[in-house]
């Protein structure tokens with residue numbers, strides 16, 4: 001309506017008229033170029049978020065309540081489910097308020113907090129996927145030593161290390177932004193507080209921010225992908241040496257779920273990075289749509305993939321629902 005348009009223009013002008021070094025708030029636009037379609041785009045996003053929340057909570061409850069699932073594979077899966085819950089919840093509720101009610105204003109500190117959680121738990125998810133690949137490697141290549149290598153203290157240490165790595169790598173991004181002087185322009189052409197989208201509003205030299213963000217992304221992705229690729233290369237070599245085709249099938253089947261989880265995460269991540277950095281001919285709304293799906297699709301698919309592909313987990317979930325009388 002014209003009244004809402006005047007209110008948005010008034011908000012944008014008030015945001016642009018202030019001149020403190022740190023702005024009181026930003027204005028998230030959502031998906032520039034698809035303002036009229038945002039209302040309808042929000043519905044499939046909301047459905048995906050509901051599936052992600054429900055599916056990952058069910059996984060966490062099943063793994064917590066069933067002692068037979070207290071094994072490295074399922075404990076890493078619980079870490080992945082928790083990470084997916086934090087990641088999707090960090091961005092989608094605010095995004096829905098933008099799409100449905102046009103409420104794009106977000107405080108400066110709230111924006112940095114959202115940025116911190118999104119980037120930290122993206123790195124954590126990558127680290128958990130790497131740890132799950134290592135678990136499959138030891139389970140298949142060293143089955144007799146698997147439980148001793150990946151003992152409960154080791155699994156806990158790996159989880160804490162992955163979380164600590166994410167926090168230590170992302171915290172400097174927020175610290176550097178907090179010390180910068182921002183221009184009068186307060187409008188973020190995105191649907192959430194993404195690091196480089198916020199950096200564009202800084203009036204000072206931002207080369208340090210851009211270089212640090214690039215190095216963190218390359219370091220995390222290169223290390224984790226290398227470990228995953230090496231793990232599955234060794235797994236494939238070990239499986240091909242097995243004499244029984246039935247044993248080969250069982251060994252490969254245990255890895256299929258994990259591979260199905262890895263591919264959507266890294267393919268969408270690489271596509272998002274490449275199009276953001278080099279795809280200048282691609283419309284901005286495509287960039288932002290892909291960035292949104294990158295954070296939403298893995299949390300939605302992961303519990304479905306593991307629930308369908310992993311028989312032991314599927315059976316325990318069925319038992320859990322029968323106990324609840326559902």
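Going from the start of the chain as shown, residues are counted 1 onward.
Glycine is treated like the rest: Cβ placed from N, Cα and C.
Those TrEMBL annotations? Automatic predictions, nothing curated.
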Next on the checklist: For the feature transmembrane segment as recorded in TrEMBL, pick the matching range from 39-62, 183-206.
Outcome noted: 39-62
Next on the checklist: Under 8 Å between C-beta atoms and at least six residues away from its ends: which parts of the chain pack against the transmembrane segment (209-230)?
Outcome noted: 123, 126-127, 129-130, 133-134, 165, 169-170, 172-173, 176-177, 180, 195-196, 199, 202, 262, 266, 269-270, 273
Checklist outcome for this item: Taking the transmembrane segment (74-92) as reference, the highest number of CB pairs under 8 angstroms among 39-62, 112-134, 155-178, 251-274, 286-308 goes to 112-134
Checklist entry - Would the transmembrane segment (112-134) count as touching the transmembrane segment (155-178), if touching means at least three Cβ pairs under 8 Å and pairs must be 6 or more apart in sequence? => result yes
Item to check | Remote residues contacting the transmembrane segment (39-62) - C-beta distance under 8 A, at least 6 residues beyond either end | outcome: 31, 69, 77-78, 81-82, 84-85, 88-89, 92, 95-96, 99-100, 292, 296-297, 299-300, 302-304, 306-307, 313, 316-317, 320
